[in-house]
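Enquirer: Sending over a structure as structure tokens; questions will come in a sec.
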């Protein structure tokens, strides 16, 4: 057996030996991975240069504000259309064409107008009536009524018909109502003005309905935005409640770790139990109500999610999901009851460490601020890059009769050019923003570089936080007489060591993770492009690649996290730290599998408790079920919008607080494994762990050793 153990240690590295001079994180250390540090600085300089170039050429107004057929903004000060804030489409039917998805522009003339049309009018009927002055404001700028009606409609100088429209996102969309007036058949429009001339615009109305279907997602987004505008105040209050609950939980965990863990477990079970009971009561209440037995498949997707809450099948599905989750948690608690006791001891020790380094609870705010800077710079650079193109004009006409359809053109010379004679009835209008210069051809590469630098810098910020916290908590563990031997300002000292000596190592670890993440993004992009192709082998290969790189990213995150702990303690470079951390974990693989993950499970229950409590409170508030403040909740289009926002925000807040505890537990666990290899508990080589932690962890280790001997 001794030979097997020696072979095991030889296979997974050499255990640490006793060193009387080792007293925790090494202070006399040198810079590591300097080359990666230089590469990071050069990349940041290049990133700043890309941002300056993008900000010089870009114009975010191209994304926010609509543009007419000549690429001019609607409703912008200092432009020709300053007093015309709305975009009007001559033929909204063509906005439902697949060409819109390719060119991001409707293949119909578009002009900026002061107001959207509010009446039904045809060109023929308005031409010989006092309404023509009203009609002319929807014709192309500079229109002169010196052509025959057929020529005007052929050249696209005026729309063939006006129908009442409503503005949405500064664009005029038809307000569909029954009307006996105008019908459009293909490209030919006829009218019935009471003189027996046939007029038929049913197809126009149906086409407008189809166009509205294409724009339904935009309307949904506008309704969601309206919900945010009236409920943001209450959303902020809900997030503040989540923050206070998280802070209170962490403070109580400091003094009542054992009790709080068991309270947390019982509360999670009770919350899930109440959820099951509530789902059953709703399921029973809907019995016999008209329409409640419709299946989810028959109903299909509905933008108003409240419809699903009137179906019994919805509440049955919720009840089954919560019941399965409840059973899984109870079974895990039964089989891991002994490990939970050990994990509670580790959490108690982590609570003491956090108590002596209380400022560590505020460090997630620093990480959050730095991540916000990264996100803001990436988003602004991406917007400026995407809007730094020039206006490109193309010929829009009948694809069957116009051989030049889709070709670039010059709107100034098009009426007299040869293209207009080859394509009668076609128009040279603004298509999209692009360009053929070297800069414009490099835009895709610059966007990829922008995304890559965002991943690199974001991972660097997260790595800096992990090393900082690991160094502070390692200083606590390796203090023989706690807290007397604890250095002053351990968090600030760890932060300064990380930036001064290990910027290169952090950049190295972040670079590896960023490369994997950018590959995953490119795979997602290729997967979206291949969805239209019916190639099963390509889809299978893409799925396998996505799965492999997802697993690789998870493994690299785990390895980096432990490597950063070793960097914080020993000051070695990234590769050495990753190797030592990996071998140390492999030499203690059983403890890693059953102890470290149990604490992660307990922390997950804590997050679920906070999120579930705040989520239930938000549900009762926004659905007007709290009678005391029933009139306080704002009226909403979709009450699930603020509820989901509060739930997701609460989870992120709880995760931020619990991440400090998670890093503390991981650091103490790795230090504990090192402590067992370096020392034996004698007076000459005493353990650095606290007596309480030593008693329960060594007892668990002894039980594991006996179990291994029995199995052998």
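Glycine is treated like the rest: Cβ placed from N, Cα and C.
TrEMBL: automatically predicted annotations, no manual curation.
Below, the features straight out of TrEMBL:
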- 34-55: transmembrane segment (TRANSMEM)
- 232-252: transmembrane segment (TRANSMEM)
- 259-277: transmembrane segment (TRANSMEM)
- 315-336: transmembrane segment (TRANSMEM)
- 356-379: transmembrane segment (TRANSMEM)
- 453-480: transmembrane segment (TRANSMEM)
- 501-523: transmembrane segment (TRANSMEM)
- 564-586: transmembrane segment (TRANSMEM)
- 601-624: transmembrane segment (TRANSMEM)
- 636-658: transmembrane segment (TRANSMEM)
Enquirer: Given the cut-off of 8 Å on Cβ pairs that are 6 or more apart in sequence, determine whether the transmembrane segment (601-624) and the transmembrane segment (232-252) share at least 3 such pairs.
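Expert: Between the transmembrane segment (232-252) and the transmembrane segment (601-624), which are separate recorded stretches, there is contact, as judged by 3 or more close Cβ pairs.
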Enquirer: Between the transmembrane segment (356-379) and the transmembrane segment (564-586), do 3 or more CB pairs sit under 8 angstroms, pairs being 6 or more residues apart?
Expert: no
Enquirer: Mind checking which residues reach the transmembrane segment (501-523)? Cβ under 8 Å, same chain, six or more beyond either end.
Expert: 29-40, 448, 451-452, 455-457, 459-460, 462-464, 467, 542, 545-546, 549-550, 552-553, 556-557, 560, 563-564, 567, 571, 573-575, 577-578
Enquirer: With Cβ distances under 8 Å as the criterion, find the stretch in 232-252, 259-277, 356-379, 453-480, 636-658 that has the most pairs with the transmembrane segment (315-336).
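Expert: Answer, by Cβ pair count: 259-277.
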Enquirer: May I ask whether the transmembrane segment (356-379) has at least three C-beta pairs under 8 Å with the transmembrane segment (636-658), counting pairs 6 or more apart in sequence?
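Expert: Yes; at least 3 Cβ pairs under 8 Å.
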Enquirer: Is it the case that the transmembrane segment (356-379) and the transmembrane segment (453-480) touch, counting contact as three or more CB pairs under 8 Å in which the residues of each pair are 6 or more positions apart?
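Expert: Result for the transmembrane segment (356-379) with the transmembrane segment (453-480) is yes.
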Enquirer: Using Cβ atoms and a strict cutoff of less than 8 Å, what residues sit near the transmembrane segment (259-277) while being 6 or more residues removed from its termini?
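Expert: Apart from its flanks, the transmembrane segment (259-277) reaches 249, 252-253, 318-319, 322-323, 325-326, 329-330, 333, 340, 344, 347, 602, 605-606, 608-609, 612-613, 616.
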